[in-house]
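Written below as structure tokens is the structure these notes are about.
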Amino acid sequence: MSQTFATIDGNEAVARVAYKLNEVIAIYPITPSSAMGEWADAWMAEGRPNLWGTVPSVVQMQSEGGAAGAVHGALQTGSLSTTFTASQGLLLMIPNLYKIGGELTSMVVHVAARSLATHALSIFGDHSDVMAARGTGFAMLCSASVQESHDFALIAHAATLDTRVSFLHFFDGFRTSHEVQKVELLADDDVRSLINEDKIFAHRARALTPDSPLLRGTAQNPDVFFQAREGANPYYNACPAIVQGIMDKFGERTGRYYQIYEYHGASDADRLIIIMGSGCETVHETVDYLNARGEKVGVLKVRLFRPWDVERFVQALPHSVQAIAVLDRTKEPGSAGEPLYQDVVTAIHEGWVNKNNSPVPSPQSPVPKIIGGRYGLSSKEFTPAMVKAVFDNLAQATPKNHFTIGINDDVTHTSLEYDPSFSTEPDNVVRAMFYGLGSDGTVGANKNSIKIIGEGTDNYAQGYFVYDSKKSGSMTVSHLRFGSQPIRSTYLIDQANFIGCHHWGFLERIEVLNAAAHGATILLNSPYNAATVWENLPLKVRLQILDKQLKLYVINANQVARDSGMGGRINTIMQVCFFALAGVLPEVQAIAKIKQAIEKTYGKKGVEVVRMNLQAVDQTLENLHEVKIPIEEKGKWIDEEALLSNQSPFSTSAPKFVRDVLGKIMVWQGDDLPVSTLPPDGTFPTGTAKWEKRNVAQEIPVWDTDICVQCSKCVMVCPHAAIRAKVYQPSELENAPPTFKSVDAKDRDFANQKFTIQVAPEDCTGCAICVNVCPAKNKSEPSLKAINMANQLPLREQERDNWDFFLNLPNPDRRNLKLNQIRQQQLQEPLFEFSGACAGCGETPYVKLLTQLFGDRSVIANATGCSSIYGGNLPTTPWTKNNDGRGPAWSNSLFEDNAEFGFGYRLSLDKQAEFAAELLQQFSTEVGDNLVDSILKAPQKTEADIWEQRQRIELLKQQLDKIPTFDPNLKSKIQNLKSLADYLVKKSVWIIGGDGWAYDIDFGGIDHVIASGRNVNILVMDTEVYSNTGGQSSKATPKAAVAKFAASGKPAQKKDMGLMAMNYGNVYVASVALGAKDDQTLKAFLEAEAFDGPSIIIAYSHCIAHGINMTTGMNQQKALVESGRWLLYRYNPLLQEQGKNPLQLDMRSPTQSVEQSMYQENRFKMLTKSKPEVAKQLLEQAQAEVDARWQMYQYLASR
């Protein structure tokens, strides 16, 4: 039988099988499982049939609960159906899983296992989610590798048909779902050989049909429910043996044999680890290493977790075992032990006697000691060093039980110590690491490299990619291994023989060379040439190069990319350098393979994109140069080396928590933090992003004072609040740095004052949106404006000083600003700054504006999504506070309940204000009727009103302190009032999130909240896709757009959420687009917050998922409005009370066609290449629908 190999990740490995074996696939995106649904949707779009020759129906639902419901319905009517999920998504499915499992329905749900949100959200892998489903009645089959995930997907589908027990097939999120490995693919005949078609016919025979009507899903009473529930026992009792039989048959077919409980190790092992998931591979590798050196250890891999087979499990254990460590990748606080540990203890307690075939344990085989431990939560590293520490613990006379490994628990002292230098990796494996920016294509190029080596040679290949949670512009670290033997190393590289650093700034922030092995090759993308780079390298980097005798090569990849017309995409260039230096393939062969990959990868994007990439390849090697290392300098800086080792990366002005805790996380040393340093409830300070100084921009904006008209549009659109304006008295310039710029203020309200626009050089991302929107042009040089981009590196030091000086200039009094004028409103201090959002992000300008206007009194409920990640992901937070210590209070609950969560804020704030008012009235004699009346009747509509109310509350507190408190009841009332008094100052509740949240998963919640009539403000940042999970379609996605889950183009019209909200009549509704009409956006925010009732602002937000140049995102917003694809309007119920039409259209009739604006975005253009006839048809429909919608709104606004 011929073997077919492919280099794929776990998600694709599973999806390939699941797609072949199902007819209806209901999907919903959630990291890290989304790619399984994306593959299924893409294959459906290309018309790929399943095993029986029909193309499955792949349907996106509004939530994971919806997907489970759809699958349940499909199963009940006889289809083969599946879904994919993880984490909170699995929790939403659990009610349906109980039903599906209880009805003995054949189906498989595939889970990329992930942490559940507890004290914090985490998108990374562990078994928290699947363990929450272990009582559903689903069998649970666990894969440990990419190959196993491919194989077990088939075994699970075969087993569910043969057993009628529903199956949950899970594998570790990221470590398996995203790890790229060379795997042997299952042929259709392999798949067909395991599927019993008679069982499929039986499944269909059980379907609900009016041709043979049945009733299922009854309500039962106490007299029979218990008995009926026990009736399923025979199915579960038979299940393990059936699964093992299928595994045996699979082995005969493929040569890959599996056991439901599989032992590997010494036949006479005295110590044993029991484990599930990708950790099995690491333990397997370590067991082989230790046994080769005289140890007697083993590993038992648990494949079938449910139903548990006591007899088979105990028989799999070696008779010689004396001590067992059970490792769980989850934490269940308050339990007697984690799930796998408890099952093992129970199984051995019940089964060990039978193992020895005697009524009591024999002397030769005493019951082993069993201890449990936790490892790997939220993808925490699990290395051979940690495995060895577990075995060493087992060797102790009294081993530590309920231990943790991989952390330093200095609070409850559960952790085991381990030697991080212990390694099991063979020397003949190529280990390469690449440090890249999230937007530079490094990860994509490395995936191509793996395919080139894995599929073009006999070598095995492994790729794993580590991301920080910043968006585009984040740091990515790619870990690639190549070798002649299968690679089991499911952990990060710590001894690399090749390191590529693709961004110069990383050398200043991160210990890039710590993982370099002695004599390794270093490739550096450098703005300095080979002759000058040495003197510009940070001292610590030079010391490491000398100490480890590293070889250094440099290339100015950014310059090569610019010369080739590729902008900031340096991936192909650095890939060529890697193959030239690493010697994995002959250079000529490697370059030929790279060019083939370019044509395949970028062919859909057009001939020009392919040409530019090919040109970059041809120009690369002539620009690659080796650096001569001055060996004579070794030992020159011994004193400096000692100094550097004790130096904090942050200034002493940073708070201690920032320096000692967040600072470690910022430089990727968070693994070293002990338990005691971290808040146990997940509460963190705000205002910490200002300390990060990422320095990711190659170019920053420079202000031209002679051209500027002081409109502040550049300030308003800046996604990262990195460019700001101030007016101030000339006397403030007395100690200004010599390069600090200022001009006379042009606004007559600031006569005789100075005006400055200043950029934060180390916080700017270089998106250039400020330049794009600047209306002021240099008449003598039309290509220049009042803001122009220039290289950051030469400007960094002087602009850092200028920024520090600028921050110390006084902010204008908020009470004196005309907030309806952008040039004055943008003088307000933003309380959202330097987020991890993409360069050029379309969402963050709205969030920033919100905080400028209302941040000092706002409480934010943030739906999970892009905004919760760039707004609330460690290490730093962009939400900040003003000099008075006031600022937005922020929290994230879940994706599916954010509207209700924020509604809870409002209920609480109103109740506390009500209680405070009740108490206040009881003290009118003590504090004075005038003060009480002025507080209770304060209008609180303007900045001045808010300021005055705060003064009254301060006076109230002072008066309360003067009241004698001999009476305990009186003292309690005073304490209560003092604790609640601040709630008598108006608080602004904002419920924010993206369109996936608002249009889909929590639409019901939003509907309920706005129907309540309560005073909440909802901001929907509409990117028209699920941006956070990678750009999947939502009900906000417009017709004809290609998105993940809509690979054939979205056939349905965009949901008109604003119209739905207007139907209530008592809701303020606005549709805005900052790039189209900034003053209308400002009006909408002011009116929404002022409206005493529910308000919703739907804000168009351009996104990288649209396939646009983000620099021109604001232009795209304008084009959208001019074509009528996006409407600008405000619906204000207060106007109705004045006898006016509440709906105001804030735009003219469309002046360009839908086609003109659509085809500026790749998400629409893609369809014209892949399905031109479909694209033409959908375009015509889209134009007709835009025209009809415009006419309807015109009619409604003119009544």
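Note that Cβ sites are derived from N, Cα and C of the backbone, with glycine treated the same way.
Marked as domain '4Fe-4S ferredoxin-type 1' by Swiss-Prot: 699-728. Remote same-chain partners of the domain '4Fe-4S ferredoxin-type 1' (699-728), defined as residues 6 or more beyond its termini with a Cβ less than 8 Å from a stretch Cβ, comprise 741-743, 745-747, 750, 753-761, 763-771, 773-778, 784-792, 795, 799, 806, 809-812, 822-823, 826-827, 830, 832-835, 837-845, 848-849, 878, 1074-1075, 1078, 1114.
Secondary structure at Cys711 ([4Fe-4S] cluster 1 binding site), taken from DSSP and collapsed to helix, strand or coil, is coil. Neighbour density for Cys711 ([4Fe-4S] cluster 1 binding site): within 10 A of its CB lie 19 other CB atoms from the protein chains shown. Annotation comment: Swiss-Prot describes Cys708, Cys711, Cys714, Cys774 as [4Fe-4S] cluster 1 binding site.
Under 8 Å, Cβ to Cβ, and six or more positions away along its own chain, Cys718 ([4Fe-4S] cluster 2 binding site) finds Arg724, Ile769, Cys770, Pro845, Lys848. Annotation source Swiss-Prot lists [4Fe-4S] cluster 2 binding site at Cys718, Cys764, Cys767, Cys770.
Per Swiss-Prot, the feature domain '4Fe-4S ferredoxin-type 2' maps to 755-784; the stated evidence is sequence analysis. Taking H, G and I as helix, E and B as strand and the rest as coil, DSSP gives the domain '4Fe-4S ferredoxin-type 2' (755-784) the counts 5 helix, 6 strand, 19 coil.
Cys838 ([4Fe-4S] cluster 3 binding site) carries neither a helix nor a strand DSSP state and counts as coil. Positions annotated as [4Fe-4S] cluster 3 binding site by Swiss-Prot, on the basis of similarity to another entry: Cys838, Cys841, Cys866, Cys1103.
Here the CA atom of Cys714 ([4Fe-4S] cluster 1 binding site) lies 23 Å from the CA atom of Cys866 ([4Fe-4S] cluster 3 binding site).
By a simple count of nearby Cβ atoms, those within 10 Å, the most crowded of the binding-site residues Cys708, Cys764 is Cys764. Comparing the Cα of Cys774 ([4Fe-4S] cluster 1 binding site) with the Cα of every entry in Cys764, Cys767, Cys841, Cys1103, these being the binding-site residues, the smallest distance points to Cys767. Under DSSP, Cys718 ([4Fe-4S] cluster 2 binding site) is assigned to coil, being neither helix nor strand in the three-state scheme. Each residue contributes its Cα atom, and for Cys767 ([4Fe-4S] cluster 2 binding site) and Cys841 ([4Fe-4S] cluster 3 binding site) those atoms are 9 Å apart. On the 0 to 100 pLDDT scale, the domain '4Fe-4S ferredoxin-type 2' (755-784) averages 96 in the predicted structure. In this structure, Cys866 ([4Fe-4S] cluster 3 binding site) is part of a helix by DSSP. Comparing CA positions across the binding-site residues Cys764, Cys838, Cys841, the one lying closest to Cys708 ([4Fe-4S] cluster 1 binding site) turns out to be Cys764. Around Cys841 ([4Fe-4S] cluster 3 binding site), the same-chain residues at least 6 positions away in sequence with a Cβ under 8 Å from its Cβ are Lys471, Pro719, His720, Ser835, Tyr870, Ser1101, Cys1103, Met1110.
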